[in-house]
Amino acid sequence: MAFVTRQFVRSVSSSSTASASVKKIIVKHVTVIGGGLMGSGIAQVAAATGHTVVLVDQTEDILAKSKKGIEESLRKVAKKKFAEDPKAGDEFVVKTLSSITTSTDAASVVHSTDLVVEAIVENLQLKNELFKRLDKFAAEHTIFASNTSSLQITSIANATTRQDRFAGLHFFNPVPVMKLVEVIKTPMTSQKTFESLVDFTKTLGKHPVSCKDTPGFVVNRLLVPYLMEAIRLYERGDASKEDIDTAMKLGAGYPMGPFELLDYVGLDTTKFIVDGWHEIDAKNPLFQPSPSMNKLVTENKLGKKTGEGFYKYK
């Protein structure tokens, strides 16, 4: 009798496990909205790991540039990954590229996708308009995700009728190299959606970490206040930019000092994040704007991309 009972328990347990796995969405087809650096990177890693991908942007010219950038990136990966077998490397590039198609009409391609990842500009209104439109055309099971680094996921999800199938998937630049993905769960995100996205990030060869829908999630919530405090230290005249950078590199073991990193990321990007957080919580001392950074942004001195920020690069 005990044997029968054990067999029955195993059978029920096995059925429950199978049922739980069936409930999760296995992502095979991905639609990436936005052909910039982040969107192209996400499309590349998805295609390279056996997913079929549609990359969407506003014009064919943008998409052609995106596809060219993906090919160049793939060749670098192949050269390293298949150093002993160049032919296999070429096959890898061709196969990956063949898994990526492009479109200028997002609504026409989301009807058969499992996951939509949005990687457009950091503008809440534009993101809301996009997802509200796609919500009408996407399949019932389709999961929506935003790659935003600073906006509230809940505010974007509220533009749709699928708040339970909406979450944040925050990749890091450059996507093919960086292993981390933050999976952001809102109060409405279902466990099924969350687990499906965690599984998806693992199939990409990434390491997922989970976070609630709090400003900046994990990395930016810790990183941006650190960068801002470095600026305040400099603004007070407590130390020079150069000494602050040297101190953090040699004393904390960071690969870049805070001012080097600010210029690399872009002062406009950092300002956008801080301004957004300040609007949400104006009394928080961590979220206070910086006069010197605001001045540089006004002068279009945004960092490395413009040739000057806190340092000069020309």
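Any Cβ shown, glycine's included, is placed from N, Cα and C.
Whatever TrEMBL says is automated annotation, not expert-curated.
Listed features, source TrEMBL:
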type    : residues                                                                                : note
BINDING : Gly34, Gly35, Gly36, Leu37, Met38, Gly39, Asp57, Glu122, Lys127, Ser149, Asn173, Lys305 : NAD(+) binding site
BINDING : Ser73, Lys80, Ser149                                                                    : CoA binding site
DOMAIN  : 29-214                                                                                  : domain '3-hydroxyacyl-CoA dehydrogenase NAD binding'
DOMAIN  : 216-313                                                                                 : domain '3-hydroxyacyl-CoA dehydrogenase C-terminal'
SITE    : His170                                                                                  : site 'Important for catalytic activity'
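Sequence features, as recorded in TrEMBL, placed on the structure.
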residue: Gly34; record: NAD(+) binding site; Cβ contacts under 8 Å, 6 or more apart: Val56, Asp57, Glu118, Ala119, Ile120, Asn147
residue: Gly36; record: NAD(+) binding site; Cβ contacts under 8 Å, 6 or more apart: Ser66, Ala119, Ile120
residue: Met38; record: NAD(+) binding site; Cβ contacts under 8 Å, 6 or more apart: Ala119, Asn147, Phe171, Asn173, Val175
residue: Ser73; record: CoA binding site; Cβ contacts under 8 Å, 6 or more apart: Ser40, Gly41, Gln44, Pro174, Pro176
residue: Lys80; record: CoA binding site; Cβ contacts under 8 Å, 6 or more apart: none
residue: Lys127; record: NAD(+) binding site; Cβ contacts under 8 Å, 6 or more apart: Glu118, Ile120, Ser146, Thr148, Leu151, Ile156, Ala159
residue: Ser149; record: CoA binding site; Cβ contacts under 8 Å, 6 or more apart: Glu122, His170, Gly216, Phe217, Asn220, Ile273
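Across the domain '3-hydroxyacyl-CoA dehydrogenase NAD binding' (29-214), mean pLDDT in this model comes to 97.
Binding residues for CoA (Ser73, Lys80, Ser149) extend across at most 30 Å, taking the greatest CA-CA distance. Using a 10 Å Cβ-Cβ cutoff, Asp57 (NAD(+) binding site) registers 24 neighbours. In this view, the densest Cβ surroundings among the recorded positions His170, Asn173 belong to His170, judged by other Cβ atoms lying within 10 Å.
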